[in-house]
Structures are given as structure tokens and as C-alpha cells.
Amino acid sequence: MSIKVIVAGFKGKMGSTAVDMVKGDSELELAALLDPFAQEKEVDGVPVFTSKEDLVGFDADVWVDFTMPKVAYENTHFALENGFAPVVGTTGFTEEQIAELIALSKEKGLGGLIAPNFAIGAILLMEFAAKASKYFPDLEIIELHHDKKKDAPSGTAVKTAELIREARDYKKQGAEDEEETLAGARGAEFDGFRIHSVRLPGLVAHQEVIFGAQGEGLTLRHDSYDRISFMSGVNLGIKEVVKRDQLVYGLEHLL
Ligand code: NAP
């Protein structure tokens, strides 16, 4: 039996790529599409909804979400409340919101995934960066994205920073008497290190973690050149969440 999938944000760059991926997999069935501004009532026989409330009682298994940071928490909450296992790529969740959604998923006995990055190379970069930070505690994260991205820093940078915080002993980097003569010049502070966000047309999703030590340096870099790079992760997420009974944060928990 195929897994019935709702795609929220189906007109967006990621949502439309996810729609093509779902259509191309015979184990998945595109059940419904959601976009608050959609004019059409259906696309190739698939119903289009403009309000999530109209999906209460709808027959589907998984809610794929590539929308906007300001609605993603509400959408994920709604999906769990209504029996749809969420697979969420939208970024911008707070740690508290994630903890709350994990608790709700346990209460409902529903699987789910919030993944700041679905690209396997990015998952590896995060893992390698956390490992390297034990030996190279001086580091900076630079994330680079297209200039239409709404949140900063990226969810991937935040997740990388959290993994580094778990692996590395706290260290306040930089000079004791460092002064910013232009606000923001040193980027955002996280656990004693800095995160920088670059936004430029032409970019997709890229991240570097730069480590520095006495007489040596190490740079880890991942590049998503095309949104197709995220789709094997989304596909895996859909197929895994239906077998599970609680939401996880990070694709690495399903690998
Ligand atoms: P995008 O092209 O702007 O797409 C977002 C879409 O969501 C738009 O079509 C938007 O419609 C629609 N939308 C807005 N509010 C909605 C709602 N309440 N319900 C349903 N749809 C709604 O952005 P994108 O590049 O696809 O990125 C979407 C999200 O995915 C961002 O948070 C981005 O950071 C994240 N992302 C994650 C990964 C990952 O691997 N996890 C990778 C890339 C991007 P309007 O344009 O009409 O407002």
C-alpha cells in the first residue's frame, strides 16, 4: 500500500521539487497540496487546499512541510494533532518548540522528522565538525544561501552549532578586549564561537566550518548546488516516519 503524502508549500522551490519526487516514486501517493494563496482547486487530479483546517479528517499518512519559518511550528503541531506524521524541512524552529513537538508526538504515538538539512553531505559535515571541535576548539561557521532565504542563521548552522556545543568544552573565542566598531562584524555568538550568514543570488545552500589552531587550519565545506540534493533525504524521511512513534530532530537519527 502506498504512503499518502500531503505537501505544504507545494509552489515553493523545495515544495515543488518534493512534489516531483513523490510523483516519481510508486511507493508514494500525492494525496493533497496546500498553499494559502493557491487559485487552482486541483493539480493533475490532486486536491489543492488553501487552509490547513480543511484537512481535518483527511485521509493521509505524512505531512511534508516546506513553507515559511513563521508558520512551520503551527503546521507541524496541526499535523501531529490530526494524525499526519510530519516531515519538515522548513527551518526557524526554537529549541523549545522542537521539545514541545517531540512531547506531542510521543503523546500521539506518531513518528515525525524535523530536518534542518536533508542532504547527506550536510549531515556528514555536521558530524565531522562536531568531532573536529574536540581537537580544534577554535572555529567559526559560515553559512551561505540564496538571497530569498527568510531566516538567519540557517537551521543547518544552528544544528551544527548545537552538535559542536555537545562535543566541545566551552571556550570563549577571540581577543578578551575585542571591540566591534561596526555592529555585527563578528557575526552571531553561540557558545563562545561565531556564526556568519551570507546571502547572495546564485547560491543554493552551502556551509563551511573553519577551524584554526597553532600553525594549522582545517576547513570543512558542503555545497548543495541543486535542490535535488535534498530529495533522497525527504524520501527516506517519509518512509521512516510512518514506522515510528515519535518525532526526531535531524535526519541522522533515521540513518
Ligand atoms: P519558497 O520557495 O519561498 O517556498 C515556500 C512556499 O511556502 C511558498 O510557495 C509560500 O507561498 C508557501 N507558504 C507560505 N505560507 C504557507 C502556509 N501557511 N501553508 C502552505 N504554504 C505556505 O522557499 P523554499 O526555498 O522552498 O524553502 C522553504 C523552507 O525550506 C525554508 O524554511 C527553507 O529554509 C527550508 N529549506 C530546507 C531545506 C532542508 O534540507 N531542510 C533545504 C532548503 C530549504 P507564497 O510564496 O505564496 O508566500
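Each Cβ is built from the backbone N, Cα and C atoms, and glycine gets one as well.
For 3-118, the entry in TrEMBL reads domain 'Dihydrodipicolinate reductase N-terminal'. Per-residue pLDDT, averaged along the domain 'Dihydrodipicolinate reductase N-terminal' (3-118), amounts to 97 for this model.
Using a 10 Å radius centred on the Cβ of E40 (NAD(+) binding site) and all shown protein chains, the other Cβ atoms total 11. What TrEMBL records for G9, F10, K11, G12, K13, M14, E40, G89, T90, T91, A115, P116, N117, F118 is NAD(+) binding site.
In the structure as shown, the Cβ atom of K41 (NADP(+) binding site) sits within 10 Å of 9 other Cβ atoms. The NADP(+) binding site annotation in TrEMBL covers K41.
The domain 'Dihydrodipicolinate reductase C-terminal' feature in TrEMBL is assigned to 121-255.
Sequence-distant contacts (6 or more apart, same chain, Cβ under 8 Å) of H145 (active site, proton donor/acceptor) comprise S154, S197, V198, R199, L203, V204, A205, H206. What TrEMBL records for H145 is active site, proton donor/acceptor.
Residues or ranges marked as (S)-2,3,4,5-tetrahydrodipicolinate binding site by TrEMBL: H146, G155, T156. Secondary structure from DSSP puts H146 ((S)-2,3,4,5-tetrahydrodipicolinate binding site) in coil.
Per TrEMBL, the feature active site, proton donor maps to K149. Proximity of K149 (active site, proton donor) to non-local residues of its own chain (separation of 6 or more, Cβ distance below 8 Å) is seen for R199, given in sequence order.
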Task: Cβ-centroid neighbourhood (8 Å) of the (S)-2,3,4,5-tetrahydrodipicolinate site, H146, G155, T156 excluded - done: T91, P116, N117, E143, H145, K149, D151, S154, A157, A205, Q207
Open item on the list: Test of understanding: give the count of other CB atoms lying within 10 angstroms of the CB of G9 (NAD(+) binding site).
Closed with: 25
Task: Sequence-ordered binding-site residues from E40, K41, N117, H146, T156 with Cβ under 6 Å of an atom of ligand 1 - done: N117
Open item on the list: Using the alpha carbons only, what distance in Å do you get between E40 (NAD(+) binding site) and H146 ((S)-2,3,4,5-tetrahydrodipicolinate binding site) once rounded?
Closed with: 28
TODO: Out of K41, H146, G155, give those binding-site residues positioned within 10 angstroms of G9 (NAD(+) binding site), comparing C-alpha atoms, in sequence order.
DONE: none
Open item on the list: I need the CA-to-CA distance for K11 (NAD(+) binding site) versus K41 (NADP(+) binding site), whole Å please.
Closed with: 14
